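Below is one structure, written out as structure tokens; the observations come after it.
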Amino acid sequence: MGFWKFPPFLVLSILVLYQAGMFHAAPFRSVFDGRFDPATLDEEESRLLLAAMVNDYEQMRARESEKAQKTEGSRIQKRACNTATCMTHRLAGWLSRSGSMVRSNLLPTKMGFKIFSGPRKNFWF
């Protein structure tokens, strides 16, 4: 008996789902609103279409270059700061780059405890 109740329920649920799907589907297009065919354009329409495409492309490139300039400007602005923190970081960077020159010119080559084990030399005149 349960078998006879199942097919009408199945048919009814399929119809409900079909109707619900129709409400969300794209609107019906008429036969005359076919796909766009560029071969049917006359010369003036093709020129207008080409001009619109070129204009759109130029606007897109202008937006991209404007966005790139904004990001580049913020990067330059960050590098050109003159606050005490920035100057301290610049000085630290300069000292770390010139550290090898300072070591070779000002510090003795022998370092460690053996440097003081030999006879004392008087550096004062």
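The backbone N, Cα and C atoms fix where each Cβ goes, glycine too.
Noted in Swiss-Prot for the protein shown:
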type: SIGNAL; residues: 1-25; note: signal peptide
type: DISULFID; residues: Cys81-Cys86; note: disulfide bond
Local Cβ density at Cys86 (disulfide bond) - other Cβ atoms counted within 10 Å: 13
For Cys86 (disulfide bond): DSSP state (helix, strand, coil): helix
